[in-house]
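This report refers to the structure that appears directly beneath it.
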Amino acid sequence: GGQILRVSTALSCLLGLPLRVRRIRAGRSQPGLRPQHLSGLEIIRDLCEGKLEGGEIGSTEIIFTPGKIKGGTHIADTKTAGSVCLLMQVAMPCVLFAASPSELHLKGGTNAEMAPQIDYTVMVFKPIVEKFNFTFNCDIKKRGYYPQGGGEVVVHMSPVKELSPVNLTERGTVTKIYGRAFVAGALPIKLAKDMSAAAVRCIRKEIRDLYINIQPVREPDDQAFGTGSGIIIVAETSTGCLLAGSSLGKRGKNSEKVGIEAAEILLRNLKHGGTVDDSLQDQLIIFMALAKGVSRVKSGPITLHTQTAIHFAEQLTKAKFTVTKSEEEDPSKDTYIIECQGMGMINPNL
């Protein structure tokens with residue numbers, strides 16, 4: 001699957017290990033590389049002046065030979081609604097260990113199915129991943145939606161000497177809930193208001209005493225390409241945890257249903273008692289593996305994506321992961337501690 005490709009090529013690039021991946025997306029209706037996967041491979045190749053064999057759409061086998069990671073300006077364009085957030089996922093660990101600062105121009109879908117929305121990346125992923133002791137700037141130039149894409153995000157990032165471990169084991173209590181319901185292109189703002197109102201009603205059934213602020217927004221025409229809608233809702237806790245639920249609108253899907261779907265995902269993530277939601281869980285694995293020292297993250301049930309990321313991080317680095325059922329006071333909570341003794345990657349360029 002695409003995730004194996006992302007994790008293993010990023011680590012191959014960082015560790016200078018040549019890599020062969022076979023049977024890429026073998027069981028899918030359209031097997032082999034899709035535009036988004038190919039763009040991800042190409043940006044990694046360009047970042048490290050590596051060699052890529054088998055780099056074409058539909059290819060089920062690639063051979064990647066990494067070179068030395070350098071900074072500078074790089075462009076990745078899926079030319080489809082392929083997710084810019086997944087491009088960011090594959091490139092980010094690499095540019096952290098580059099020789100100089102990087103500017104990544106990522107083009108495609110900013111709010112796409114089967115991938116984190118750009119709003120999630122900015123509102124949840126960014127503040128949490130920066131706890132590994134680096135910062136980045138993500139500038140949304142233009143939003144793009146399925147099926148055309150056409151969005152663009154510019155990421156600025158400076159390299160680091162090494163990553164610090166994280167300890168995300170205390171959930172705390174939910175202190176605020178906020179979010180944005182958006183429409184773009186031909187859709188009326190009423191849809192955003194309906195999404196927001198339905199989401200608030202749904203959350204209110206479970207959480208009565210908190211102010212919930214989900215802003216309905218119409219994306220400015222010069223900042224959005226095509227027509228799209230969706231919602232993201234974030235819960236913030238007393239210990240600084242951020243958990244979210246999100247959903248995208250599509251033709252024939254009732255806007256209230258979109259709001260309720262996002263609210264239900266958020267409530268489900270709050271119920272398990274972990275400090276990260278299901279979407280963040282697997283995105284932290286590669287950083288835990290690269291960090292110097294022991295990282296601990298309390299999560300809900302371990303997703304298949306997380307199991308996959310752990311497996312390949314252990315195969316390719318010297319990091320060691322353990323996953324144990326959390327010894328909760330409350331046995332109804334399904335929580336786990338993901339612990340990792342990181343490999344302590346040092347940036348040779350700094």
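Each Cβ is built from the backbone N, Cα and C atoms, and glycine gets one as well.
Quantities reported herein were computed from a predicted structural model and do not represent experimental measurements.
Marked as domain 'RNA 3'-terminal phosphate cyclase' by TrEMBL: 1-323. Per TrEMBL, the feature ATP binding site maps to GLN89. Per TrEMBL, domain 'RNA 3'-terminal phosphate cyclase insert' is recorded for 169-270. According to TrEMBL, the feature active site, tele-AMP-histidine intermediate maps to HIS305.
On the 0 to 100 pLDDT scale, the model's mean across the domain 'RNA 3'-terminal phosphate cyclase insert' (169-270) is 97. Secondary structure of the domain 'RNA 3'-terminal phosphate cyclase insert' (169-270) per DSSP, as helix, strand and coil residue counts: 37 helix, 37 strand, 28 coil.
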